[in-house]
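Below is one structure; the comments refer to it alone.
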Amino acid sequence: DWLTKYGYLPPPEPSTGQLQAWTAVTNAIRAMQRFAGLRETGVVDEDTLALMKSPRCSLPDKEEPSKLLANQDGKKMRRKKRDLSLWTSRNINWRLNSYPSTSHLSREMIRSLVFYALRVWAEPTPLEFHEVASWEAADLQVDFLRGYHGDEYPFDGAGGAVGHAFFPSDPTRAGGVHLDADEEWAFRQPASEGTDLFTVLVHEFGHALGLAHSSSQLSVMRPYYQGPAGDPLHYHLGQQDLQRITQLY
């Protein structure tokens, strides 16, 4: 189920139920280990299981944003590699639509963290982000949601999936940034005290601007939550993330 959820295995055939060919499962585990930087054993060993149980982004690891674009009939289209997922306007409006109902963070703090997380991506690019009051005018829409909320990435309570966002190429949901309202969101706290909201926002805004997951352990686009990224006032993208975003914009 985990391997299918994150793009390493195709969904099982309805006729065979949950049965998958053992070689396919082994190869999928190896691919997951390779992407995560683990030793490629092909079995779910202790390190692999620990990573599978760790908090992470809901989006799959094995799909590029260009492959997630569907036409109006809902059929997947093949796209050339140079057809990238990006915003054509350099002025991008954002709105924080909802907040977690229970959180140690004030609404003003959450808004500030959204601002600083967007600034991380604005600094090396020509992009300018503007907060707007109306839902209709917002390109990026940030929501804290629970459980199943109308897309294929339902949340699962504290831990597990912490958030996801939709690429600019998504025909109906581009710019949607969803965060699990049941997480213990924190800021400037030790990793044991909760999930650092600034770090997750930087990651999800990377998706909303067109970046897929990265296998680099130094990348903020690594799918697994790795603890607080740093102080928003002084945080800057690493070399790979800088290179990838400046290639897009």
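Cβ atoms here come from the backbone N, Cα and C positions, even for glycine.
TrEMBL names CYS57, HIS203, HIS207, MET221 for binding Zn(2+) 2. Of HIS213, HIS234, the residue it gives for the same site is HIS213. Cα of HIS207 (Zn(2+) 2 binding site) to Cα of ASP156 (Ca(2+) 3 binding site): a distance of 20 Å.
GLU183 (Ca(2+) 3 binding site) and HIS164 (Zn(2+) 1 binding site) are 13 Å apart (CA-CA, integer value). One way to see the shell of the Ca(2+) 3 site is to take the Cβ centroid of ASP156, GLY157, ASP180, GLU183; the remaining same-chain residues with a Cβ within 8 Å of it are ARG146, PHE155, ALA158, GLY159, GLY160, ALA161, VAL162, ALA181, ASP182.
Close to GLU204 (active site), meaning Cα to Cα within 10 A, are the following binding-site residues out of ASP151, ASP156, HIS178: HIS178.
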